[in-house]
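Asks: Structure in structure tokens, see below.
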Amino acid sequence: MRARRLLFRAGFALLLALILVYTVFPFYWAIVSSLKGGSALFSASLWPARPEWGNYAAVFREQPFGRNILNSVVVAGSVVTLSLVLGVAAAYALGRVQFRGRSTLLVAILGVSMFPQVAVLSGLFELIRALGLYNNLAGLTLSYLIFTLPFTIWVLTTFLRELPVELEEAAVMDGATPFVVLTRIFLPLLGPAMATTGLLAFIAAWNEFLFALTFTLTDDMRTVPVAIALISGASSFELPWGRIMAASVIVTVPLILLVLVFQRRIVSGLTAGAVKG
Amino acid sequence: MQGGLARQRRRSAWLFLAPVLAVLLAVAGWPLARTLWFSFTDARLDAMAGAGFIGLENYAWLADDPDWWRAVRNTLVFAGISVMLETLLGLVIALVLNARMPGRGALRAAMLIPWAIPTVVSAQMWGWMLHDQYGVVNALLLGAGLITEPWAWTANPNLALGAVIAVDVWKSTPFMALLLLAALQMLPGELHEAAEIDGLGPVGRFFRITLPLIWPALMVAVIFRSLDALRVFDLMYVLTGNSSATASVSVYARQQLVDFQDVGFGSAAATGVVLLVAAVTALLLVFGRVRLGEAAGR
């Protein structure tokens, strides 16, 4: 009995270790590879014998990678701001006011986030070109609202709905306008929910690829994912893998830190968005 | 609240909603309608305005193109296998994480890493690991004597789709596991205690109690993942380019639209993607016995 339990525990620990290695190893390998210079890159040693930073310097030397990072920050930042401002207003209406067609509207908004992005590609291309926003970060910001807005509205609506009626009743009786109720009473309470949705929207915008690839043309307008996907070497047969890995590590480390710091919040946001909605 | 006040509230509700509705109509509704319209025309990327109506011709071409049907097959195989594997693996991981044990927090944090990594980056990372000459996967398999010569994971048409699926499973299983873990943690503990007293073993408990109770959450997660998998683009595009061995319907549609500049035909393909996604979702809703109302909250 005792031996069996011990065996069970050992098996369990092994399973845990296996899961851990499986999830973490690819990123570890990217870090190791990015630190290998010259021919060391082509050996499968699990540790860089002599770590070198050459690949990291090359990423910024060979292409406007600093500019690409800035582009991504600007786009993701403005997408988050816009989604939160528009989303809070909509969520207040959808979460706190009874009106006909409310649930239809909610389902329709959720539906927007469901349909494949390629379905709007040609229409959006036409729109962006008509607005003069082709190869422009504003065009990307606009197009990213398609997937960040529905999600933001959905989570904030769910959150607002759970708050008790008494909160606003007194203020409404005193003649406060809906704008005052929203900004003075609900906004302070919405802090955590907004942080969560903002974070998720930021990650979604930071990672987006299809629109960024299609709506930008020049190297200095690209966002990080497109820049990394299009890194190429002297010939098409020799991809500079060390540089690609270095770029991958550079854009992923801040993301991982963000995720680890806000772990709990992200998990609760994901489940609010998916399990409940 | 009185009638007048309620009416005033309703009016301001629409005022609050107006900006969002305007934005969504502009960036989603209108482009979707335009795509549908383009699919009936001979529009080209450099001459979208002067497009002429050609009826269902694009759709007839699409139905005749073996590459399109190959893309449909690729997409269905990719979505089917990867979502199935992700659900099974995710369930195992969620059950492990649900057990009370040291290091659970650290493991849950580690699970978030693949999820947070941009798809493009994970495709590149795996592209390097699966490299035919210098990849660590081939080195390990050769070292273990499982293969006798290096395999071209991403170049060999027979292996490429499997490689794409493997990357997606790595990236998305944690998401699945976290959602299922949340569902597991909402179950009351007494249920299991009662079942244990009644003499139900761990396997019986899982199939008789746990699984039925988390079924709605599981199906919602499966539907979300399937919708995501059916529109997959970046993974294939980065890992294997436009190769028809792995091209998904989204890759196919974008190639027609942008690379071949054929907006009319590409839009027809994009409309085909929507129809495919809608059909699969409907099937999942029917066979998963999920009521849309349940899936959509309350």
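Heads up, the Cβ atoms here are built off N, Cα and C, so glycines get one too.
A quick note: this is a predicted structure, and the numbers were derived from the prediction, not measured.
Just lifted these from TrEMBL, have a look:
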TRANSMEM  B:12-33  transmembrane segment
DOMAIN    B:72-286  domain 'ABC transmembrane type-1'
TRANSMEM  B:76-97  transmembrane segment
TRANSMEM  B:109-128  transmembrane segment
TRANSMEM  B:159-186  transmembrane segment
TRANSMEM  B:206-224  transmembrane segment
TRANSMEM  B:265-288  transmembrane segment
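Describe each of these features in terms of where it is and what it packs against.
Replies: Remote same-chain residues near the transmembrane segment (B:76-97) are listed as 104, 107-108, 111, 161, 164-165, 168-169, 172-181, 183-184, 206, 218, 221-222, 225-226, 229-230, 232, 246, 248, 280 (criterion: CB distance under 8 Å, separation of at least six residues from the stretch ends).
Remote same-chain partners of the transmembrane segment (B:206-224), defined as residues 6 or more beyond its termini with a Cβ less than 8 Å from a stretch Cβ, comprise 83, 87, 90-91, 95, 176, 179-180, 182-184, 187, 191-192, 195, 200, 281, 284-285, 288-290, 294-295.
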Asks: Who are the chain neighbours of the transmembrane segment (B:265-288) in space, where the CB to CB distance is under 8 Å and they lie at least 6 residues beyond its ends?
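Replies: That would be 35-36, 38-39, 43, 58-59, 61-62, 68, 72, 75-76, 79, 219, 222-223, 226-227, 230-231, 249-250, 252-258, 295.
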Asks: Go through the chain and flag residues at least 6 beyond the ends of the transmembrane segment (B:159-186) whose CB is under 8 A from any CB in it; none is fine as an answer.
Replies: 74, 77-78, 81-82, 85-87, 89-91, 93-95, 97-98, 108, 111-115, 117, 119, 122-123, 126, 130, 151-153, 210, 214, 217-218, 221, 225, 228-229, 232, 235-236, 239-240, 243, 245-246
